[in-house]
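Have a look at this one.
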């Protein structure tokens, strides 16, 4: 998207309607509102660049096709028969007509088969399942991070407290699109003929429902999400808003219990979405640790990455995290190591650092998954009997075809935790600094530029409709201002803190449950 600002300004000077309306827009009394277009321009520019550059420059495509990942090629039937010491039978068309369906060509399972390695390139990625969904989501997350960093820098140098933070919208959209990608994968499991995947998703969904109901009844003294004060603030603001709209006798038709039951249902849905990503994470973690047995540093980082969701869970356990640092025992006295506001900032930094660590180890997990083809061949050699050549080719090829599915299952939970944490920082009015005071849980109402009264005279005869058009503009601005102010008065940072803190914690909890079960399944049940 190319924007010619000089052409726009020159056109605005000569257009009759714009020439008489713009001077009457009063922005001098609101200097910060005059800069509200900067965030919008950067947001539109990022969306345009993402759309235009996707075919030419894509981080998602580079992540898979940068030459660091190696896939295994499936052997041809001729190679399999050569390893079996036989010549491949030749059949003409008459034999195929007489026999109808050909019998599958079989080879012994214990043949000395070694798969050929090849780096994953762009042409190979075209046949991958859900590649377009993977590429779009990862690229969107990259541009969302860029917009977020820009808005953070912009807010640090300009007094933009009254503006709408567009970076927060990008973070929330990334969370929504990540859940949508996992929903697409889960719907693929439900459409399959085999019912095993469907049963696993339903089982984890019911388990997550039970765990969520238990978590939601825990007091804030132990799990400090801030849901209770957040819900109280939401209900109070809704009643106040209804009274201002003229509904004096209107009351909230729902209770906190019903809201918590609805939230538990959403948690069950998220738990079912994260079932297979956790199981896959356990498998790739075990294989990656075994693959790097001669590199102890990488193994330590892999273990830290695998246990990072547990650290996220502990950060919201008040007696272990906040209370311990606020009143650290030093002999007979207690010392305050970290203040309450500094602990909130430290918690944000820890989660971002853990997500960065997990993202840095993506290649090891993906290569561990690709090595499943060779691992299956080695397991096949230990078995007796014969196997169809086409089955060997399908097994080897299927591992590579689902590479982007596994990549989504690995990256999406990380993106959910990362961007929900970034949204928590922005919408909860937190800070990255450690020397700040506790931020309040309210946000000033949004104030938009107001239109000044138009002089009665000075208009040409051919501009008699300018006054009516200006009144329409003023009415539209007033309605938008009222809508944004009402929305920000209802959805206060106190409520958004509790919501996104609980979302971040719950995604980590689902990963802990599913990944630990996956370790038990792959380490003990599969071997037995």
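Heads up, the Cβ atoms here are built off N, Cα and C, so glycines get one too.
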TrEMBL tags one of 297-317, 318-338, 339-359, 360-380 as transmembrane segment - which one?
297-317
Assess whether the transmembrane segment (257-276) lies in contact with the transmembrane segment (136-158), where contact requires at least three Cβ pairs under 8 Å among residues 6 or more apart in sequence.
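Counting Cβ pairs under 8 Å, fewer than 3, so no.
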Any chance the transmembrane segment (399-424) and the transmembrane segment (136-158) are in contact, meaning at least three CB pairs closer than 8 A with a sequence separation of 6+?
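Output yes: the transmembrane segment (399-424) sits against the transmembrane segment (136-158).
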So which of 136-158, 164-187, 199-218, 499-521 has the most C-beta pairs under 8 Å when paired with the transmembrane segment (297-317)?
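If we count Cβ pairs closer than 8 Å to the transmembrane segment (297-317), 499-521 scores highest.
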